[in-house]
Amino acid sequence: MTIIFVDNEEYNVDKSDNLLQACLSSGINIPYFCWHPVLGSIGSCRQCAVTIYKDLEDKVGQLVMSCMTSVLDGMIVSTSDKISRNFRKGIIELLMLNHPHDCPICEEGGSCHLQDMTVMAGHTVRRYRFTKRTHKNQYLGHFITHEMNRCISCYRCVRYYKDYSGGTDLGVFGISNNVYFGRYNDGCLESEFSGNLVEVCPTGVFTDKTYSKKYSRKWDMQYAPSICQHCCVGCNISVGEKYGKISRIENRYHNAINHYFLCDLGRFSYDYSNVDERLTYSIYRSQNKTKIINDVNKTIDKLAMKFKKSSKIIGIGSCRASVESNFSLQKLVGSENFYLGISQKEYDCLMLIKDILKDNQIHVPTLREIEKSDVIFLLGEDVTKTSPLIALSIRQSIKGQVKTQDVSKNIPIWHADAVKNSFRNNKNKLFITNLMNSSLDDIADESYYASTFDQVLLGAEVYKCISNNCISNVTLLKQDLLSCAKRIATALTLSKCPLIISGSHSYNLDLIKVSFNIAKSLKVIGKNVGLILLSSNVNSIGVSLLEGISIEKVINKVLLKQIDKIIVLENDLYRYLPESIVDTLFKSSSCTVVIDHLNTRTLKQADIAIPTCNSFESSGTVVNYEGRAQRFFKTYHPNSSENKKSILESWKWLHLLYCKLHKISVFWHSLDDVIEEISLKIFSFSKLKDVAPNSSFKIFGQKLARSHHRASGRTALYSNINIHEPRPPQDNDTMFSFSMEGCQNVQNYLPYVPFSWFPGWNSVQSWNTYKKINNENYGKHLFQDTTKFVLTYYKLNCKNVNKIEDLYLIVPCYFLFCNNELAQYSPVIQENVLKNAYGIINTEDAKVLLIESGSKIEFSYLNKNFSIKVQLSKEFKKGQLGLPLGMADFPFFLAEKQVKVFRKISI
């Protein structure tokens, strides 16, 4: 820390920051455009000018760009002198010459960095009266709208898209006063992180197309801090709602996880919550008759009547449901009758990952810690598709050597161009094994495309080279692969911070075991090694701690007639099991109850279908790949709009039924009560109470406001339905209020900020004005530290699938949207992405089958026909058929099954 003097005030600032960042984090307003805390400084916009003085005797000073100026001890700075004020005012006037001044029709209006900076710089009178330069806008896909006339040429978009996220299809064209930011032609942006352009751009050039369809100004929406539900990373998000519909998703800063960015899956896939087909009342089906029950008490009475004298009840949980909801189901049916709702293959992988996390011998890095790794070995996980923010962090880790070299070269880390030049010939190492090419191949030192079995063999040889301990037969490897394994092992042993990444998406236990063995052997030789094992869902780790049973084991109970009633919690069984088996399961049950917010095929087959809240309408806890428990909070109350709905959180439905069956009074009155019982009864969740403050938490005697203090029209939202002013819903589960009434001063409680705002800063750039944000410990790591280091390794089976001639082995292939259950119910994904889904087949196999790229093929398994378009790949191993398992009509049970492709379908 060092002391500087700004406008005659003394400030303690971080010496590693540039002057602009030091001032912003101290609460001093300086307008800027091209600087970004992650992208660094290039000094192109010239907007952040300030005056610095040599000493107290200096009356003239020197005009400098604060983003390009290092902080010096005792520095004297003025932001309010006449010269710098006039300079900044003149610069923003020049930037605005060709701007259309279309704020009233711009989606960024009210949340626009350009608006904030224009006001801050004092540019209030427009003097330019001549023809403005205009551009033709481009079609950039179904997520982002392009309005090039609003551009001020700050270069942030291309610096983020190309330099940071590694995109190649967006650039800058033209020269001088006529530059154009876009693609070389119209088309969908290819990057999995293109949505961040919406927040990176300080104007309205790139706007959220999904938000435009249900647009509301920022101050008229209701927000809540939440957790992205689409993968196991657990990114922090802010969810905005108006009129009972989710309007947009914004990034919520977390120092250890997502930082300033989200992936497109997390940002644009929220519309599953808004679909009209969603169930909002209970349905009872009996003897081909359907009865609607739009009352909570009547629904519980009907359930109790059905379950009254039954002892053969099973509960099937879900990895997309919260810890609290799964625990409530387990409490209702008993631990011995609780099923996790996942396949046996995934169950085995998940239990192994859980054991490794509990063992806690190898550190599990956060996303920010990934960026500090100097050698990464990625085994069998296409992380760009399964956990995209992991891939983004891997890209930054390749630049990690610069961060250790810049000190010796006297290059400040915020100096973007200097750091970029220093990095050109110095990068960290990345080694990849995968079924086929991936989006990270462009930065990989070596990529090995092979079957999962061959990837395990390569991993085993790497382990052998590191530890000189042969745990399996690897003589099947060719000489060139032995050399590859030695190169990988050498790089890992010479590294300071190696990282091994694998996971459950290949459904292969040996892949996880060999990843652990490699990491363990590196730790034995003194390396600061990290190990990341990814799972398939947002709460896979959390559910695994409840010690349930795999879904396949239900089949045995069906055969033994040990099932009378079934409760399915937020799960679609048709995604995991063959259709015939699920149908048999339902027929064997005298009553099947399904609780879900998605209109799944399982819900449609239920005898009693019960609507429940999704993550935007409920509060609860999920556990990410680190074992970090995080709380998400409801954004709005689903029963408070003009439509009468009977929707409760899943845990409330289950608890009401439990109390009714046991003839006792309700004793879980809020989420705090559920968490209290979980903490007491399950040791792994003993820290659950510490994840976030309870519902009684207040600041200055007030709950935290979900709405902006400028929110307008609250009492008139539904005046066309009812002229009487309704009371705002009361939230007994969290520390937030459903209103603008409440504490808005939450700067000291940043992990729980519903939306980003700071006086004078209405856009998401307000995050940059807070003091050093350190919410790294937000959430709670559930796994205790081990005190004894036990040297144990896993023994590999190394058994290949017994391949049958002329049959194709089905392997899971992953795509950003197609495999995700929630995304598949989002209309924008259904209309634009799912219809173009495809499988993968080897080029040589395609010649034998007489098919070409884009052809549609058909195959059969268990008397059910499947069809899909296919793309050809040279890297994909012969004899395999890659399918987007988890997508509708392609259940997970197909993994590692062998099928015969028996015909090509004409399209």
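From the backbone N, Cα and C atoms, a Cβ is placed for every residue, glycine too.
What Swiss-Prot records for this protein:
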- 1-83: domain '2Fe-2S ferredoxin-type' (DOMAIN)
- CYS34, CYS45, CYS48, CYS67: [2Fe-2S] cluster binding site (BINDING)
- 83-122: domain '4Fe-4S His(Cys)3-ligated-type' (DOMAIN)
- HIS99, CYS103, CYS106, CYS112: [4Fe-4S] cluster 1 binding site (BINDING)
- CYS151, CYS154, CYS157, CYS201: [4Fe-4S] cluster 2 binding site (BINDING)
- 221-277: domain '4Fe-4S Mo/W bis-MGD-type' (DOMAIN)
- CYS228, CYS231, CYS235, CYS263: [4Fe-4S] cluster 3 binding site (BINDING)
Query raised in the report: By a simple count, how many Cβ atoms lie within 10 Å of the Cβ of CYS157 ([4Fe-4S] cluster 2 binding site), its own Cβ left out?
Result: 22
**Report entry** Three-state secondary structure, HIS99 ([4Fe-4S] cluster 1 binding site) (per DSSP)
**Finding:** coil
Report summary line: For the domain '2Fe-2S ferredoxin-type' (1-83), the DSSP residue counts stand at 12 helix, 27 strand, 44 coil
Report task. Identify all same-chain residues not among CYS228, CYS231, CYS235, CYS263 whose C-beta atom falls within 8 angstroms of the centroid of the [4Fe-4S] cluster 3 site's C-beta atoms; report them in sequence order. Result -> HIS230, VAL233, GLY234, ASN258, LEU262, LEU265, GLY266, SER387, PRO388, LEU389
Query raised in the report: With the [2Fe-2S] cluster site defined by CYS34, CYS45, CYS48, CYS67, which remaining residues of that chain have Cβ atoms positioned within 8 Å of the Cβ centroid?
Result: LEU20, TYR32, PHE33, TRP35, SER41, ILE42, GLY43, SER44, ARG46, GLN47, MET65, SER66, MET68, CYS154
Query - Cβ atoms near CYS112 ([4Fe-4S] cluster 1 binding site) (within 10 Å, other residues, all chains) - result: 22
Report task. Give the residue counts of the domain '4Fe-4S Mo/W bis-MGD-type' (221-277) per reduced DSSP state, in the order helix, strand, coil. Result -> 9 helix, 22 strand, 26 coil
Report summary line: Smallest Cα-Cα separation from CYS228 ([4Fe-4S] cluster 3 binding site) among the binding-site residues CYS45, CYS48, CYS103, CYS106, CYS151 is shown by CYS106
Query raised in the report: Out of these binding-site residues, CYS34, CYS106, CYS154, CYS228, CYS263, which one has the fewest other C-beta atoms within 10 Å of its own C-beta?
Result: CYS106
Requested in this report: Measuring Cα to Cα, tell me the gap between CYS154 ([4Fe-4S] cluster 2 binding site) and CYS48 ([2Fe-2S] cluster binding site) in whole angstrom.
Outcome: 13
Report summary line: Around the Cβ of CYS67 ([2Fe-2S] cluster binding site), other Cβ atoms within 10 Å, all chains included, total 29
Query raised in the report: Nearest to CYS67 ([2Fe-2S] cluster binding site) by Cα distance: which of the binding-site residues HIS99, CYS106, CYS201, CYS231, CYS235 is it?
Result: CYS201
Report summary line: DSSP output for CYS112 ([4Fe-4S] cluster 1 binding site) maps to coil
Query raised in the report: Quick one: Cα separation, CYS112 ([4Fe-4S] cluster 1 binding site) versus CYS235 ([4Fe-4S] cluster 3 binding site), in Å?
Result: 24
**Report entry** CYS235 ([4Fe-4S] cluster 3 binding site) to CYS201 ([4Fe-4S] cluster 2 binding site) - Cα separation in whole Å
**Finding:** 21
Requested in this report: Could you check which of the binding-site residues (HIS99, CYS103, CYS231) sits closest to CYS45 ([2Fe-2S] cluster binding site), going Cα to Cα?
Outcome: HIS99
Report task. Given the binding-site residues CYS34, CYS103, CYS231, state which is nearest to CYS157 ([4Fe-4S] cluster 2 binding site) when distance is taken between Cα atoms. Result -> CYS34
